[in-house]
Structure formats: structure tokens, C-alpha cells
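A short worksheet on the structure shown next.
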Amino acid sequence: MERQLAHFGNQRASFAKYIDRNNLALKRLLLLDWTNLFETMPYPPATGQYALYSIDELMAHLNHTVHKVTTLPMTSVGSLFVSSDEDHPVNICVEYYDTGIYNRTTKDIQFDQTRRKVCHDIGINDTDNYNLNPTIPELMRGEAGALVRLIHLQVEFAVDSIHVDMEKPDISPRCFHIQGKILFDNSDINGQMPVRLESDVLEMVCTLNGAVTSRSDVSAFVLCSFSILFTSLSLVFCLCSVVKSVSLCCKTRKYIKTKFDTPLSLSEQLEIINARELVTMVGDAIMLTGLILYIVLNSRVMSSSSFLYDLCGVLLGSSFILICFGALHFLSFNKGFHILFDVMENSLLPVFRFLVCAAILFIAFALCGWMVMGPYHIKFTSIFSTFRCLFGLIAGDEIYVTLAAIEDEFSFPWWFCAVFVTLYITIFTIVALNILIAIFTASYDSIKNKTKRDRVKSNLIRFIDE
């Protein structure tokens, strides 16, 4: 099983690496003045946002993009081919407001919020206006009180990318259909127009010298088949064990009710029905689903998207975690390891209550930090980045960077950030974590000091002793 997961992980990493570098190549080829400074990690940012600020820049970038798409096969060092109509390889869509007039004398604004969208296929020899009506400069210029009406300008294109591993000829080639989109986003109309390239990658079925599969595909299929066989056997055994334990629980509950005239409690019923076998059974079922999906993707009998590869990875990875949790049950037969399971079981309810209270405080801090410091701090610009920042502070993220990210020192946001971070660190890393440790310590001490004489035998244990 581990070998199967390692094989899929290596294949997935190779796929992700190729797609990422292919996407960077498209950005470098199609976006004007794109540099490697924009290719670093998003935090800390090495440069400002890739954006436009003038009509001339917009038209220059648009003309550059259209020209580069049509010449991709001749300029790219990779195997890229325009897969759409060669005479009209680019499609431009313009979304804009209908009308907008500002009267500078009366300060009155006449604005029609009706949105219109115009799309046009662009040929190789089309002019700079691209037969759009109204033209892009007309939508952008503010002459005679006219408001800027352009919302989105979108350039769409389709490219086929071929990946052949020359060092490993026994590996089948991989063919991808890339549906690209370059979006000029002017929805905020604030003087800055961000530009971004998005691509949707779809793997296509292609052959190598007339054959769809290769030796590496056959070996992967054999390995996956063995994994499916062993996982199926494990699922069948766990299912039989669970069915028998449920049947035994029903009979025992009925017998205890008749003999002792007391019902069998839920905890006593769970002693008969092993929850770890249920966890293992669920893990096996998810693993089987992931393995079948992997065979379908690896056989290349149909086109597949990156989402299916992500889904397959989630299924295989999460199921392996569940299976390992179930496998820990065998360690519990050793007295030295059994204490771990006793502590976890005894502290489950207190830990759950603690996590509920901590989650409420965490959400409160996140909303407060986002609302107050969002306009001033890069780590609090969105609610999701705020969650990541606060969770990182618990895990030991750099506190100085968080405090120094606000440039205007000794201002109100700067002082609020200092107090906010200090209070948050005090509550969550000093108080909360020590309380959590104390819960587990108390559970461990109570189990350690408990002897067999102190334990009150349940009806089920008395019945077994008899």
C-alpha cells in the first residue's frame, strides 16, 4: 500500500511540476514586461501587483498578448500548439456598463448599470481595434464627462501542450489541452487594473508510436491491482467482524435486560462493537474508490482534468490516514501502548469542550483583526488570510514581521496591532495551550492512579466474570 501511494505521489508531483512551469512559461510569453520577480512566493511579496495604470499600457499589453498567442509554436521552447482555429486563434470578450456621464457643473451623475458583453474572434491580421464596437479606448476615456465603463477585458485562447520524457522512453507521453484566459480586471475602477492569467488544464488521450499504454503503465496497473485485492480482503473481513459484533451486541443487550433487569448502557455496547473496525472499514472503502479512479486516470481511456487528480490524491491520502488509525488498535494490546488510548478516550469530552470555547475566541479575534487591520496589514487583507495568520501565530510564526508590517509607526492601527497580537499570543499560546496540556495530564494521572479495586464493574463485566 505504501509503495502504491509513493508511486502516485511521484507521478502527481511530476504532473504538478510540469503544469506549474507550463503556466509560468505562458505568463512569460504572453504578458508584457513579466519578470521572475512575480514568480516568487506570495508572502513576503518581492514586488508589487502586476497591474496597468494607463490606456496606452492596456492597448500595448493587449496587442502583445494577441501577437504572442498567434506565434506561440514559433517562439516557445516547449511543445505548444494553438489548438483553436489557426485563422482566428484568439477570442476577446469585453464587459462594460451601458452609459455613464458626470456633469461637472451640477455634480450630477447619470449612470445606467446595465451590463453588456461583446465577444469577437480575432484573426492574425486584425487591426488594433479588433472590430469591437464600442472600442476599448472609447470605454476607457473620460472625455466630456464620460465615465470609465469597462469592467472586464478577457482574452481567451486554447493551446495543446505535449510532454515527452526523453530520458525515460518507456513512459507514455502526456498530452494536455490548456484553455487559457487573460483577465484585465477593472471592476473596482480605482485607477489600477490588475492582470492575471488563468488556465484550465485537461489531459487528453494520445499515443506513442500508435500505442496508448507503455511498460510503466502496465507495472503501475499490476501494482494497483494488488492494492485493490488486499484492500478488498481487508474490507470484507472488517465488514464480517462488524456484522458479527452488532449481532452479538443485540443478543447481549437482550440477555442482560432479561437477567439483570437493567438496560445495557451505550458505553457498554461500544465495548462490544469495535469502533476502530468501523474506521478501518471506511478507510478501505475510500481507498478502493481512490484506486479505481487512479486506474481510470492512468489508463487514459478518457480526458481528465487536474481536479480528478486532486480528488484521487485526497481519497488515497485520507483513506491511508484512517487505515493507520485502525492499525493502531493492534498496539493497544501492549500495556505500554494501551495508556495512550486510555488517555485519549478519557479526555475526549473535555478536549471537545475546550476546542469549542477556543474556536469561538479564535473566530472573534479573526473578525476583529480583519475589520480593523484589513486596510493596513498585508496579513489581514481577507478573512481567509486572517485565519492563516492567527493560526500561524499559534504555531510559532514570526511575531516581529506581523508587528512590523504596518509602515506608519505609532499610528492608531499600529498601536492596535501591537495590543491585538500581544493579547492574542497571551491567550492562545500561554493560557490555552497550557490548559490543553493540563487536561491530558489530569486524564493521565487519573488513569495511572486508578487500580482494579477502585473500578466498579459494569453489568457487562459482571456477566463475563460469571
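Each position is counted from 1, following the chain as shown.
The backbone N, Cα and C atoms fix where each Cβ goes, and this holds for glycine too.
What TrEMBL lists as domain 'Mucolipin extracytosolic' is 18-206. Sequence annotations record features per position, and here TrEMBL assigns transmembrane segment to 220-244, 278-296, 308-331, 351-373, 385-406, 412-444. The feature domain 'Polycystin cation channel PKD1/PKD2' is assigned by TrEMBL to 308-446.
Here the transmembrane segment (412-444) does not touch the transmembrane segment (308-331). Their Cβ atoms form fewer than 3 pairs under 8 Å, with each pair 6 or more residues apart. Listed by sequence, the residues of this chain that lie at least six past the ends of the transmembrane segment (278-296) yet keep a Cβ under 8 A from its Cβ atoms are 1, 4, 8, 221, 224, 227-228, 231-232, 234-235, 238-239, 242, 302, 304, 308, 311-312, 315-316, 318-323, 325-327. Residue counts for the domain 'Polycystin cation channel PKD1/PKD2' (308-446) by DSSP state, with H, G and I taken as helix and E and B as strand, are 120 helix, 0 strand, 19 coil.
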